[in-house]
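A.B. asks: Okay, these came from TrEMBL:
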type	residues	note
TRANSMEM	51-72	transmembrane segment
TRANSMEM	113-132	transmembrane segment
TRANSMEM	152-176	transmembrane segment
TRANSMEM	197-216	transmembrane segment
TRANSMEM	228-246	transmembrane segment
TRANSMEM	258-276	transmembrane segment
TRANSMEM	288-312	transmembrane segment
DOMAIN	302-427	domain 'FAD-binding FR-type'
Amino acid sequence: MSHDDVPGGTPWLTYPLMFHSSREDNCTLTPEQCQYREGYWRYWYQADHRYGLTTVYFMIAFVAFFTIGNILQRFIFPKAPNVRLWQCGVAGFRYAAYRSFAIRPIGWWSPPLGYILVGLAGTIFFFGLALGPKPYYWSNTMEINFGNSPPIATRSGWIAVALLPFTLALSAKANLITALTGVSHEKLQVFHRWTSYAMFIFALIHTFPFIVHHVWKGDMELQWDTSVYYWTGVAALIPQAYLNFMSFGPIRNRFYEFFKATHFLAALVFVLFFFFHCNFRLSSWDYFIAAGAIYVPCLCYSHIRACLLTAFGHKAMLSLLPCGMLRVTVPLRRSNVVSNVIPISFRWSPGQHVFVRFLTLGIHSGSTHPFTICSLWPSDDKSEPELTLYIAPTKGLTGRLANLATKQTDCTINVLLDGPHGGMKIETMAKFDRVLIIAGGSGAGFTLPVVEDILRRYWNSDGRLEHLPTQVQVVLATRSHEVFEWYRQEIQHVLARYSVKDSGMQLSVAIHVTGREASRMESEPLQEDKSAGINDEEKIVPVSNTFQRPQVDGDIVCQTGRPDLPRMIESASCVKHSTLGIAVCGPAEMLYDVKNAAAKAEALVIKGDGPNEVYLHSEHFSW
């Protein structure tokens, strides 16, 4: 923002207040100097149009590009799945969405290649916009003054202001960008952080030239004492620096609960002082109005919907399982005293997650936490839906929940639900010829509704489905023998409810126990478990890492050691003219292996040496 000829008013804003400051320019320089000063990329009185609107157009172009892709994927590709051009185009985009990089020694996992390309395009564009035009500073002397706002500071300031609406839009769980592009809010979080970093970098580029300029003039202290811009600028930079510093992955993960509890307040303070700092220069306040118009309705929608859901008296039942997992069950319908059933508009599909606010946990009541939904919506209207979550307790909120469940049996707690969010871009994994469902550790619960959805679709259709997967393989890797036993029972219960004998579907479950527990299991004989088995002859035996050819009706096997996931995916993708669906939920290293293996499979689609389609849905433990 320019600091030219603005009288010092109150400590907050200058008066008289206006919505837009005047664009009237009275140049007192020579005609040649005025003409130079009014150059297209140099003229301060049009800087908001040159740099602010250009930033907006660039961001809208990206949103429009992915909106078109979403429309094509949802409405065009399903009607022409066998058209070679479409297959290659979709595979190319998916390759970019899956391929990622890593520096394993330091535990760094990159975003997908497509994200990196988008970030690189933005970096080149914005730095080109800020650093490309010249000059960076006016050639002022004590007699000649082109202006008190260094051109590079003007450019970077307007870029930062114009990014504000998009940064806020990307932060909301229910947001317009997700609605247009089909990209779930959790996958947009990386862009929320990147636009925040960009705002901070350009805010610093905006700040330091003013300091240099006024130190040269010798009036830095005077400006600080009399101008609204300097102290409000610093007041905005402090919370902005806090937000950016705390959002770095290792720091955010280390202080997650504290950051989650404070980041909204810090963001509010930042926006407030940023608003004062802009001080209605040119059209700067338009961007705050746009930010509010985009963000506030999204925020209100989420909160109002969550409050309406909770108004029906939802209570979560907590139970600590022998494996150490915490099960949270939330019935979503209740009968009142007149026995009228109140339905809740809260329908979910496999792979979706929900934000839960636990209302009686002190400071933790102030924030919501995301959890993957591990149950399936009932197939009929007579059954009452029950939302089930499986949580691995650590510290903070989940630790307190585990303590409550330990101290009190049948523990219940009031909850506020926000969702469902995310999920797969397809209706069901049952549409693919081959399905590979992978999970690691506490991601085991993610697989249960995915598997049940496939089996239920066949069961409810009485075998009349036009398409049914010929092969479904479930792979779980866990360090805990107790989790292995729990999951084996849970998946057996699912398989026991739906028989797929004589369907032609080959279904297997492979549970891999890793770490120290693997050594213990190798030294102990595995016991036969017929309590919830699928057939009396089923037996848990070690198997190799190769892609199994299991027997019909569910073959559960156990193995010690890590599964060779890339090899499994390579084996599953070697069948030409077939389709492959992959779903994975686990730690970063597992997702890295699966995503890159899926990217290689997409390359086979493009070359014509593999299946016709490969689809991957991935979920991480944290964002």
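Note that Cβ sites are derived from N, Cα and C of the backbone, with glycine treated the same way.
Buried or exposed, and what's around them? Tell me for each listed feature.
C.D. replies: A Cβ distance under 8 Å defines the sequence-distant neighbours of the transmembrane segment (51-72), meaning residues of its chain 6+ beyond its ends; these are 93, 118, 121-122, 125-126, 129-130, 154-155, 158-159, 161-163, 165-166, 177, 180-183, 283-284, 287.
Using a Cβ-Cβ cut-off under 8 Å and counting only residues 6 or more beyond its ends in the same chain, the transmembrane segment (152-176) has close neighbours at 1-2, 44, 47-48, 50-53, 55-56, 59, 126, 129-131, 133, 136-137, 185, 188-189, 191-192, 195-196, 198-199, 202-203, 205-207, 209-210, 271, 274, 278, 284, 287-288, 290-291, 294-295, 298-299, 301-302, 355, 418-419, 421.
Long-range neighbours of the transmembrane segment (258-276) within the same chain, counting only residues 6 or more positions beyond its ends whose Cβ lies under 8 Å from a Cβ of the stretch, are 12-13, 164, 228, 232, 235-236, 239-240, 242-243, 246-247, 251-252, 285, 288, 291, 363, 366-367.
Under 8 Å from some Cβ of the transmembrane segment (288-312) lie the Cβ atoms of residues 164-165, 168-169, 171-176, 271, 274-275, 278, 334, 342, 344, 346, 355, 357, 359, 414-418, all in the same chain and six or more residues away from its ends.
On the 0 to 100 pLDDT scale, the domain 'FAD-binding FR-type' (302-427) averages 78 in this prediction.
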